[in-house]
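Features of the protein shown, as given by Swiss-Prot:
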- Tyr84, Val85, Arg86, Met87, Lys88, Val131, Gln132, Leu133, Pro299, Gly300, Gly301, Val302, Gly303: substrate binding site (BINDING)
- Gly202, Arg203, Ser204, Ser227: NADP(+) binding site (BINDING)
- Thr405, Pro406, Phe407, Gly408, Glu409, Gly410, Lys411, Ser412: ATP binding site (BINDING)
- 56-340: region 'Methylenetetrahydrofolate dehydrogenase and cyclohydrolase' (REGION)
- 341-972: region 'Formyltetrahydrofolate synthetase' (REGION)
- 1-55: transit peptide (TRANSIT)
Amino acid sequence: MNVMVSFNQLRNYFLESNSLRPSKWLFQSYGTSSSANILNGKLLARKLQRSVAEEVQALKAKDRNFKPALAIVQVGKREDSNVYVRMKEKAARLVGIDFKYCPFPETIQMPALLHELKKLNDDHTVHGVLVQLPLPKHLNERTVTESITPPKDVDGFGAFNIGLLAKNDATPIHYPCTPKGIMELLKDNKISVAGLNAVVLGRSDIVGNPISYLLRKDNATVTVCHSKTKDLIQHISNADLVIAALGKPEFVRGEWLKPGSVVVDVGINAVQRNGKRVLVGDVHFESASKVASSITPVPGGVGPMTVAMLMENIVNAAKIARTENIYRKIDLNPLELKKPVPSDIEIANSQEPKLISNLAKEMGIYDTELENYGNYKAKVNLAVYERLKHRKDGNYVVVSGITPTPFGEGKSTVVAGLVQAMGHLGKLGIACVRQPSQGPTFGVKGGAAGGGYAQFIPMDDFNLHMTGDIHAVTAANNLLVAALETRMFHENTQSDAALIKRLIPVKNGRRVIPRGLIGRWNRICASHNMDPEDVNNASPELLKEFVRLNVDPDTIECNRVLDVNDRFLRSIEVGKASTEKGHVRKTSFDISVASECMSILALSCDLNDMHSRLSRMVIANDKYGNAITAGDLGVSGALTVLLKDAIKPNLMQTLEGTPAFVHAGPFANISIGASSIIADKIALKLAGTESFDRPEDAGYVVTEAGFASDMGMEKFFNIKCRYSKLVPNTVVLVTTVKALKLHGGGPKLKPGAPIPEEYLVENLDLVKNGCSNMVKHIQNCHKFNIPVVVAINSYKTDSSKEHEIIREAALQAGAVDAVPSDHWAQGGKGAIELAKSVMTACDQSSNSKFRLLYDSETSIEDKVNVIAKEMYGANGVEFSSLAKERINTFIKQGFGNLPICMAKTQYSLSHNPEFRNVPKNFTVPIRDMRLNAGAGFIYPLAAEIQTIPGLPTAPAYLNIDICENGEIVGLS
């Protein structure tokens, strides 16, 4: 049977309307002598379509984002195809389905058409895709229709859906519309097919084959007849049920039928009768209706049912998409716990990660929003946020710690363990962490992927190149510095006329401002009340002002960067070659994560924001004290291009297969020491709730702030939250028994020496004394009106009495709870009690009470003072003359309202690393002030901060190697 049958059947429903009935067609009479029950598809179809319309209306009332949509692809302008498309459009709109018409010229070639279909497959706003047949002969219809993804194959003709239909123990996503309509029509008329001898006339993939599968599934005994079938009449005469779908007008005669049989006529044929065209079926209705017990008319039988089933399929497709989008469930990867706990790299290598595409699907991320980098890591497109921005954010948890010690308190381990524990409790937990620099990985610190059974994997990818974001930051930063140095060189070696000729070239008789310099040109023109379009009439003085930056070399703020610990780049000279004509300058390298470009990556809210921030970077002052920006240099567009992929968060996973966004890695000393705003925003929407969800359906986003509450957490709130407008529900403050003993007066640790016994045996006095440090950090959290849960990172050398001392001190200081957590040895199961306490704190929190330490309008000096007094417990701040001079410059340049990012030691609440526990009676000296205008903060220097570390005598790289099978060993 020709594939056009299905579209002809679609038409039948509409032929009942006089407004759509072609005048050239006549219709056969059903006759008055019929004894058969008429299976009226028109009435049932209307009932079903009303039901579909009511369901759509109800779902839209519950979820304003529920918008089922059908797209029809039409190639060429055949008039009959135009009629069918209009019919489907009308039917769709009647039940509340959006309609998208996609016409293409008859000349379109196969690759282009398949590309357009792929775009529809990838479009999450489209739920059903139909290709209007027939197609021009140069297009392969099967290839085209099979290219439609199964969830959107609402015709149900694709191999995937037909294949599942043919299997006894499987169910297709969508049933073919006409066969499905036949079964519904029989069911509505209380005709059970179980045990019947059913004969199907025709074996097309549109009706014959699929209806045979449906009948068989409903326990009929099915015979499929076709043009080669012998004794066809004999088969028909033995049939209890006849499905006629062979495309031959009035082929089946009444005398062939078994008395009392049921006849379903799928055919639609135009024949000449008395000089007029008449529509008839494949069954001779007049004779058949006298023998059959029930029969479908033509038109008004199967045709309207096809349309109704198509509408049902489209709505079902939209419901499936909605369910996949709303309901997220993470399947945990089981751990094989061992004692003693093996090395981190052994554990990481022994666990097979999930395919990242599968994890993304569990979270509700579409394939089209994922850019895979191999099997276990991927970038997530920022379009996810736009798609989900209507959601209420999930719960937001920030992990901080007490003052760090050489032991390491394990904040990253807590983050991993906590989200794994959320998974055990049936909650979606998403970690958001920084990408570690390769410098420390090969230096003294080692990796930063967590530890034990609470890690981020693959560990080697996490600690090394990942997706190349840090390399992109390195390239962008170094392009900026190279552009600045080169511009200085050219200004020193060329005349005004030569600079004007090269920077404002004449094309077709008109001077052209380069795209990257349009902003600078517009500002200069505005300051001179000149029309920026009138470039040709600009004065030589104005053109000179435009092309000459007049950089003061002594004020250059940006250094070249490298993601390697290399102490010998701390002070260098550039421009020593003879080709640079004496343009020699002392400078230095920083580590890549100390670059302002990295801070911008972390603090940008979207691509446009990143572009603006890169443009606002102040790279030097001119000789008159005015700020020179990357925008003045014309390089901000190129920097954005280099970072266009880096701005997309990286998706990885924990050992137990819970999701982790790993994105950005700004230096914690001179920057915010936190992962990106973008990662947090996307994660909060993925963990968020729809308007109809219950509050308890919300998931949890767990992120980390570098170092302790006085450093990373203070910057997290006063800088990151200020720009993101996001407010955490709870702080998790990490502490350990060993760290508190050190703060409580325990002996200092000496490099290479054994750990003193005090840290390995119970010592209640040291723990009690050290709790003062923890209490101060709890108080710091409360200054922002955020509840605190203390996580006691457990070790086998701890005693229950030591834990109880910590718990009592934490509760007395106002913590919601203090919970020992053994995630390092037990994975998520070891952190379940901690997770429960965090959930309780989130339920009880009201982040509307959140407050910042200072307003933007507060003076720079007062901002620094309030941080020192409130966070560190200092008596005050003492500014050097250089720092005061810098402050005046920043105010003059318009940067006085920026927040403060203090640069000091992490090893003390004070500026002095030797001052342990909770220092008293000290003043913080500020020797210098620096500006990161693009990132959006000023950083006072309260200590000498090395911005490029060196390598120790025995660096971590000594133990790192790769095996013949490609497995990396020695990472920690």
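Placement of Cβ uses the backbone N, Cα and C atoms for every residue, glycine included.
Note on the region 'Formyltetrahydrofolate synthetase' (341-972): mean pLDDT across this stretch is 95. For the binding-site residues given as Arg86, Lys88, Arg203, Lys411, the lowest number of other CB atoms within 10 Å of the residue's CB is seen at Arg86. In terms of local Cβ density within 10 Å, Ser412 ranks first among the binding-site residues Gln132, Ser227, Thr405, Ser412. Checked against Gly408 (ATP binding site), the binding-site residues Gly202, Ser227, Pro299 differ in C-alpha distance, with Gly202 being the nearest. The secondary structure of Lys411 (ATP binding site), as reduced to three states from DSSP, is helical. Between the C-alpha atoms of Ser227 (NADP(+) binding site) and Gly303 (substrate binding site), the distance comes to 24 Å.
It is Gly202 that, of the binding-site residues Gly202, Pro406, has its Cβ surrounded by the most other Cβ atoms within 10 Å. Within the set of binding-site residues Arg203, Thr405, Lys411, Ser412, the entry lying nearest in space to Gln132 (substrate binding site) is Arg203 (CA atoms). When the Cα positions of Gly202, Arg203, Ser204, Ser227 are compared pair by pair, the longest gap among these NADP(+)-binding residues is 12 Å. Arg203 (NADP(+) binding site) has Tyr84 as its nearest neighbour among the binding-site residues Tyr84, Pro406, Phe407, Ser412, going by CA to CA distance. Nearest by CA distance to Pro299 (substrate binding site), out of the binding-site residues Pro406, Phe407, Glu409, Ser412, is Ser412. In this structure, Phe407 is the one among the binding-site residues Tyr84, Ser204, Gly301, Phe407, Glu409 with the smallest number of other Cβ atoms inside 10 Å of its Cβ.
Cβ neighbour density within 10 Å is lowest for Gly408 among the binding-site residues Gly303, Gly408, Gly410. When the Cα of Phe407 (ATP binding site) is compared against those of the binding-site residues Tyr84, Gly202, Gly301, the shortest separation belongs to Tyr84. Within 10 Å of the C-beta of Pro299 (substrate binding site) we count 26 further C-beta atoms, all protein chains included.
Our reading of the substrate binding annotation (Tyr84, Val85, Arg86, Met87, Lys88, Val131, Gln132, Leu133, Pro299, Gly300, Gly301, Val302, Gly303) yields a largest Cα to Cα distance of 25 angstrom. Taking Gly202, Glu409, Gly410, Lys411, Ser412 as the binding-site residues under consideration, the smallest Cα distance to Arg86 (substrate binding site) is found for Gly202.
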